[in-house]
Structure formats: structure tokens, C-alpha cells
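The structure appears below as C-alpha cells.
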């Protein structure tokens, strides 16, 4: 007797005891990975890590002005705070470039190729010719203002191509809004909609304020949590260590260190994205949601959608949809889909850099997305649904969980390349490949 089909795309849930067993195993492995990472950080790797250790430190208008004056004050204060966070030369260089991009776009009668070429070139090569202030911390802030500022310029320039009557005051509001100046990517259309809603709001929205306050409390907890944990677990140092140190770890230690590095990377970006998102939420804006927890992702398309949702929305609306919107015959449509995938990941490489470990990460991510798309097309076929009815929902879910190794594996190995420096991803991959029993004979027998 077959079970009822719950959803055309998702098999029904497993029995409760089986779900409890799966959760128990996952929680045990996750917690034990942190224990192993602690042992490694304070054992065989301590001699290498200790020279990086430092002493711990704890670093400590609208209502009262007429609307038009308040709007200009909003812009002025935003630019002044940006100058305070970086430098006057950084802001002058960035927005001189913005004027150049917008003027070139206007002269070429709204050609979208112009802002794309200019802004992507700026992202890829800016560090070689733009001025930076001395000092590590201010260099990091200026680097991010240049990087995210160029994306804001590109977003507005593409909007300007379709709406040549856009007002300068709207662009200044977008460029000067501090919470969207670094780490958070928000399209101009989304900002404009949020800003207009904010201007029309006369009273404080207590529901939004309570939500933002609770978000701020959670953010403070995770900041304190990761700060506390980094006193004992130093996996980021291991991921930036020579290959010989990584080679000295056994397979369990390698897996544990890689897992914990991914978890700490996730929490770090919850905080990095969360701080500006918190202030935007206090203003009544709708910032992108925080990153998804990476330890429970089996389809890495969800990672691309929900880890950096602002980047995903930018790539989706500014790259993928414009390429894919015109209908084509099947063969040309498939070729165009591959071209769109290459275009999207080309922007990602321009964003992160073209070093070898980033190229490997992008290649593995693209491979996973292709495997996922092929699996989805197979799943929609009548014979796959017929098999689903025959084996039942529980059996189908177990088979899908096993087949998801084909999507999880490229994504996980891609993360190894992404988080480490040159050579670390290859070393971890080869170590795990060597430790998997019987894998060589299995592969070559195929």
C-alpha cells in the first residue's frame, strides 16, 4: 500500500523515531567537531598559532525639521559619517567615479554595458590604483566602502538606464545611507521603496521597533559567543597555516576543523551583516535577512539564495533575469542557461578575486547547481513520480537523502577552498580522498 503524496516537490516526513535518531546523530557530530577543534587548537597546532595571539580588549531629525530640510540633513549626515569611518579622499574618489559612470551612461544614451564594464573593472582592479589610508583597520573600511560603493553605483546606473528622469536627490539619499554603505547590498529600487515608506510614516512603528530590539539582543549574544569561543578555538588560524600543518592532522581532525571553521564563518557574517541591518531596522527599513545556517544546507542553491541575500538579489535582478527573460528554442535556451551561470559566477569572481582557490570554489559551486538542476528535471518526469508512488513517501525521502550526497559533496569541498588560502583546499581534499576506504578502486572500476 502506497502512502499519500504530500507535495509534488518534497517527499513526506520520516517516522518520528527516525527523525529523532537523525537529529541526535547530527547534534552529536556537530558538538564533537567543536571538541576536536579545541583539542587541535590547544594541542599539536598551538606552537604555530601562539605567535598570532594578542591580548583581549573590549572596545567600548525627521521629527523636528521640515521634510525638505530633514532630507538634506539625512544626506549630509550620512556622507559625514562615511568620511569619519574612512577618509575624505576615499569618499571623493568613490563619488567622483560615480559621476564619471553616470555621465558616461547618459552620454551613451543609457547603454547598460557602460556601467557594467566600468564598475566591474573598478571592483576587480581598484586596489591597484585608488588611494588608501595607512593602518590596517582603516584600510579594511576603505576597501569595503570602495567595493560596496561601486555596487551601489552600478545599481543606480542600471536604474538610470531605464529611468533617465531619476532625480539627483534620490541618488544622494541612496549613496549616503550608512547602513547600506558596507556589507549589505540593496538594490536602488528596494531602497527607494523603503525610503518612501519611511518618509510617509508619521509615528513610530512599535511592532518594528520591538522586532529590531529583539534582533539586536540576539546579535549581541552571538557577538559575545563568537568572541568567547575564539579564545579557545583557533580554526581560522589553521585554515591560513602552511599545508604541512594541515597535512599533520588526521581525517577526523581535518573534518572537525573544516566544519567548525564554516560554523564560525557563518556566525561572523551574522554579526557583520547584522550590525548595519539592526540600524536599518531601527529606521523602519527592511534590510536583507541574516545568513542561513550552513550546517543544515543540502542544496547549495539555498546557500546562494539565503547566505548573502543582498548579493543574490543583485545577481538575480541585474544579471540572471536580464539574460534569461527572452524565450528561445530548447537547445539555445540550454546554452543560454549555461551562459547565464557563467555570467553570474564571473561577477562573483570579480567580486572575490581570481585566485586559484576562488576559481575552484566557483567551479565546484557551479557543478553543484548543474547537478541540482538535472536532478530537479528528472524528479519532475512522470516515471519518477510513478516510482515515488510505488516506494512510498518514506522510502522516497531516504533515497533522496542518499542522492543529496551528489549536491552536498561539491558544496562542502567548495567551502574548503573558499575559507582557506592557496593550497589548503587541495590539501584537505586530497587528505579526505586518501582516507576514504575503497574509493580509488571504486572509481577506477567504473
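Even glycines carry a Cβ here, placed using N, Cα and C.
Bear in mind that the values here come from a model prediction, so they are computed numbers and not experimental data.
Taken from TrEMBL, the feature transmembrane segment applies to 20-40 (among others). Same-chain neighbours of the transmembrane segment (20-40): 14, 232-233, 235, 238, 249, 252-253, 255-257, 259-260, 263, 295, counting only residues six or more beyond its ends whose CB sits under 8 Å from a CB of the stretch.
The transmembrane segment annotation in TrEMBL covers 60-81 (among others).
TrEMBL lists 88-107 (among others) with the feature transmembrane segment.
Residues annotated as transmembrane segment in TrEMBL: 113-131 (among others). For the transmembrane segment (113-131), same-chain residues at least 6 beyond its ends with a Cβ under 8 Å from one of its own Cβ atoms are 89-90, 93, 97, 100-101, 104-105, 143, 146-147, 150-151, 153-154, 157-158, 161, 347, 350-351, 354.
The feature transmembrane segment is assigned by TrEMBL to 166-186 (among others).
A Cβ distance under 8 Å defines the sequence-distant neighbours of the transmembrane segment (219-239), meaning residues of its chain 6+ beyond its ends; these are 34, 37-38, 40-42, 45, 48-49, 52, 56, 245-246, 257-258, 260-261, 264, 267-268, 270-271, 274-275, 278, 419-421, 424. The transmembrane segment feature in TrEMBL is assigned to 219-239 (among others).
The annotation transmembrane segment is assigned in TrEMBL to 330-352 (among others).
According to TrEMBL, the feature transmembrane segment maps to 399-420 (among others).
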